[in-house]
Amino acid sequence: MLSHNQNDLLFTKLIDKLTDYMSSKDAATSLASRVLTIAKGSSSSTEFSNALHTFGRFSDNDSVLIYDLCKSIIGLETNLGISKDKLPGNDGSQVAGLVLSNRSGLKGREPKKSQLGLDVLAVQKKKEKSQVEGRSELSQVENDSLESIGNYDRVEFKRPKNPHEKHFRPLRQRSSVDDHQEFESEDDKYRRNSYSSWSGSNFESSNGSNRRRYRTQMEEPLSSKRRNRFGNGSRRDVDSSKYSHDSDYSYGAHSSWDARDVEYPEEDPESKADRQRWEEEQAHLDRDWYMNSESQNLLGDEVHNPFSDFETVEDRAHEAEFIEKQKKHLSIEASDRFKENSMWEKNRMITSGVSKAPGLESDYSLMEERRVHLLVDELRPHFLDGAEFSSKKVGDITSVRDPQSDLAINARLGSRLVRERREFRERQKAASAATSLAGTSLGNVMGLKDSNDEDAKAGTTPVKVAGRSEQSNKKDTEFARTKSYREQREFLPAFAVREQLLSVIRDNQVLIVVGETGSGKTTQLAQFLYEDGYHRNGMIGCTQPRRVAAMSVAKRVSEEMGVRLGSTVGYSIRFEDVTGPDTVIKYMTDGVLLRESLMQNNLEKYSVIIMDEAHERSLNTDILMGLLKKVLSRRRDIKLLVTSATMNSQKFSDFFGGAPQFTIPGRTYPVDIMFAKAPCSDYVEAAVRQVLQIHLSQPAGDILVFMTGQEDIEATCEIIADRLNQLHDAPRLSILPIYSQMPADLQAKIFDSAEPGVRKVVVATNIAETSLTVHGISYVVDTGYCKLKMYNSKLGIDTLQVTPISQANANQRAGRAGRTGPGIAYRLYTEMAYIREMFETTLPEIQRTNLSNTVLILKSLGVEEISDFDFMDRPPNDTLMASLYELWTLGALDNFGKLTTLGKKMSLFPMDPSLSKLIIIAEDYKCTEEIITIVSMLSVPSVFYRPKERAEESDAAREKFNVPESDHLMLLNIYQHWQRNGYSNSWCSKHFLHSKTLKRARDIRQQLVEIMSKQKISLESVSDWDIVRRVLCSAYFHQAACAKGIGEYVHLRSGMPCHLHVTSSLYGLGYLPDYVIYHELVLTSKEYMNIVTSVDPYWLAEFGGVYYSVKERFRNETESYDRVFSSKPQLDAQIAADRELDAKQKLAKNQEPVKSKRKSVIRAKPPRRVRGF
């Protein structure tokens, strides 16, 4: 005979099979009993499979296997006489619906006892009424009440009926129960004894239908006619024989918790088969309906339709047609606009923290507490022992001559007129936004439209950007259009002294050429040397401080020589090389020549080097001066020409050992200088008054006004126009602004000639001093201020300050009034301020900028001691030490101060050390594609264009590209969108982006790809942008800040407060990241972080071990511990070991005997004579 263990084993297999489709084993155990019930009422495996599909998407093979297991269990149950309650995992009767497994804590409310005995009286009256009717109604009510209270812990909801339970009802055999009493539970014994006690009295019948009589008595304990509350007998019970029960009918009186299904008889069923089919469909629908609320696999599953089996094709067609009619029909333009707005709304919700970005984990335990503290402790290598990072105070190198002078004080205060106008515009804007009816219900009725919508429609029209050829045509004068290139050359002042100049060049290795702007020294010197044959021994190189100048001059010289650009004459700038094997005249930026010196220390391929515009004293120019001075001592056959204005030519001559100076006479007209009688407190107000006074009282002639920046220029133009409109019958005036961030097509307007009878006024920055020449200028208004970028080595930030100009700048500005005729220069400061409060020359860039890249280049050139390098103007010592320390922290220098392998790779990229390290580290993380895109975007000016009249629309367009956790990723996002739109100019205009700047970034990216291919660095891409943020942290960990308070950050190492700019993607978030890194820190009105990315503190400790260590404190309900992640012990040990090794080497070197070597005299070879010398 089969054992009870086999039945348990089969039931366990059934549970294991169901576990594959359930979320947990408990759910499978609960489902197993329901599946057994379905199997008992199923006549075939197909019917069982259809019923099983309501619990989940079971496969057909698994359904057949489950059906076989259920039949085996049912067979064992029949043979062993084990009830379903006795099966494993079942403590009571299994029913569908909600089952309370643990009800020990639930107890029914005890009936309140009446103090007046009314409850006893009510029971007696009910008993009397039942005796009159001949029925024991009271006993039935009491039994129901007792059973409902006693079985409260077995509360079960109604289970959907089995479609076959009415037609199939297995009877239990008494013999099977008696033979296996050892397996019976207490409940089974109680029910068996009750059944035995009732069988003798309740199953006796004259016609032999004992079972039917029993069921009638048990199912109809009450009369079908009962009185209602009004005493009549119209209330009837439904025929209880129509009740449906399952196969495991619990014999006994009904309780108030029994599951009853009322079936109402149909009026006229067609046939018994139709009724059976209808009952099966109803049972199936009931099961689908109830199971739809189960939490197994259908909760939240909106795709599954439990009534799909009963739908007809016509129903589905009607439903699809109805859904299609409900859809909102949109045009293609409206659909694109709706999609764009949806993306913006989703981005805003993610940014504000209302919704989560996809793929972010949010699982955490409420009982878990984790705190991470970032500890800061700077380490220093031994080669910097004794070096004072702050040996000089920050104020030693200042941009003003006298901090207490009137010019310095007014520069710090700024313009009061501009400040008041800014505040007034903000108040006006807020008031108009508050009182605007556009977009409201009343505004819609009145037909008012939002001005931003109209601006948006106007902004969709692409703006045509003028090319260089178009701009050059606009700049052509009548003289240039009527004269040939030969005649134009002969008209220049430099052509008149051609022979004398060549004679001095032949006799001297170094020559300082002094000439005013427009004398022709830039374009003619290289042609003079070419015509004299210097190109036969090597190329003639000409350096320019700006790349635009190098490109334009090369184009002009190639046109004058009648050759194609890139053949005989070419140019080379960073990330762009337009030269060929036949190029003999090469124009380039000074940085390009500095990079070439890394490959060729002696510059062998050049015979003559011309350093143009050296008076601007750029950083690379000063470094080249020191390098060329050494090259000249090693090569006697190379010549150096340094062109400069009259301002500091003597300093260049002294640096090169008293080199001769050659002056090219200028062709400028006399300029009268007019100083102010008293200092002016507001330079914008004074400039506006002076322009109006010139326009109303002076003869014809255009006006040039020098201002500090974009905001001052725009305010000056608006105020001049407003005040001129207040005058009656005032002469016409054309007001044109120009600054670096203005689009090229708008910049070209200043070169257009004004209409007859109209005076032109140009308001510009110091870009109009040397870079641009505007014809027709007769009056110059000099405010005496400019914006200068200063580097604070103690804080490691660049500050953009409004500072007084130098005397050399003032003379250069005044000279702009005498290009076409006599002019007047109005200086809005006193003559004493010019003499006492201004420097003679502008502060060199090498003394006010970060020198990390410069030091890296010098180390690559073999300069061991940076302090011993021959600088024309020595940079501050603290700046040099800070640059060396930064390179050591980045891994470019070792503990001895020598270049590492990483540092050599970094020096090959023409960019800042941090950006170079980004590309190198990206190879290890396989994200070079994304990193070089970010680096190229960081290497160009801002790509955003924000016109003052459409500022809000520009800001809204910028927000569409925001990435909540990173501004670096925002730049990557912009470039990728531009790339997907085919590098379209119209797309850039629509989204307020500089197409020219983006194209420049694309060229830089292509050049980086070529450099990487030479270094054998592969291009790879990743989809996880967290990896990109991790790589960014590896290069910018020294520029990190942590959150403090609300909306404020502090620098981790210096403790200086930092702020997010309003244009940052992180600004306006619903939360502030704890730790961020930034690209640069700019000090204007506040300390603003530019290009910010949120990072993890563990990343900072991983890559910046010289600065940071992480202390983690963890607590939950089971454990608590503190952990510290730090690489400081290993770094300290390595620094100490290297310090001891260096000390031993120095001691051994000092103890070595000095060996005297015989000096050998080497006779220098005379330089070769070239034809024409």
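Every residue gets a Cβ built from N, Cα and C, even glycine.
Now, the feature entries from Swiss-Prot:
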BINDING   Gly515, Glu516, Thr517, Gly518, Ser519, Gly520, Lys521, Thr522  ATP binding site
COMPBIAS  153-165  compositional bias 'Basic and acidic residues'
COMPBIAS  175-191  compositional bias 'Basic and acidic residues'
COMPBIAS  193-209  compositional bias 'Low complexity'
COMPBIAS  234-248  compositional bias 'Basic and acidic residues'
COMPBIAS  270-279  compositional bias 'Basic and acidic residues'
COMPBIAS  1156-1173  compositional bias 'Basic residues'
DOMAIN    502-665  domain 'Helicase ATP-binding'
DOMAIN    687-862  domain 'Helicase C-terminal'
REGION    152-253  region 'Disordered'
REGION    260-279  region 'Disordered'
REGION    442-479  region 'Disordered'
REGION    1146-1173  region 'Disordered'
MOTIF     612-615  motif 'DEAH box'
Q | Sorted by sequence, non-Gly515, Glu516, Thr517, Gly518, Ser519, Gly520, Lys521, Thr522 residues with Cβ within 8 Å of centre, ATP | A | Leu492, Pro493, Ala494, Ile664, Gly666
Q. Looking at the binding-site residues Gly515, Gly518, Gly520, which one has the fewest other Cβ atoms within 10 Å of its own Cβ?
A. Gly518
Q: For the motif 'DEAH box' (612-615), could you work out the same-chain residues 6 or more beyond its ends whose Cβ comes under 8 Å from its Cβ atoms?
A: 521-522, 542-545, 549, 621, 625, 642-645, 647-649, 652, 770, 808, 841
Q) What are the DSSP helix, strand and coil residue counts for the compositional bias 'Basic and acidic residues' (270-279)? A) 8 helix, 0 strand, 2 coil
Q: Give the helix, strand or coil assignment DSSP yields for Ser519 (ATP binding site).
A: coil
(Q) Out of Thr517, Ser519, Thr522, which of these binding-site residues shows the lowest number of other CB atoms within 10 Å of its CB? (A) Thr517
(Q) Can you work out the mean pLDDT of the predicted model over the domain 'Helicase C-terminal' (687-862)? (A) 86
Q. If one looks at the chain holding Lys521 (ATP binding site), which residues at least 6 apart in sequence have a CB under 8 angstroms from its CB?
A. Ala494, Val513, Gly515, Asp612, Thr643, Ile664
(Q) Validating a neighbour-count step here. Other CB atoms within 10 A of the CB of Glu516 (ATP binding site): how many? (A) 19
Q: Provide the three-state DSSP residue tally for the motif 'DEAH box' (612-615): helix first, then strand, then coil.
A: 2 helix, 0 strand, 2 coil
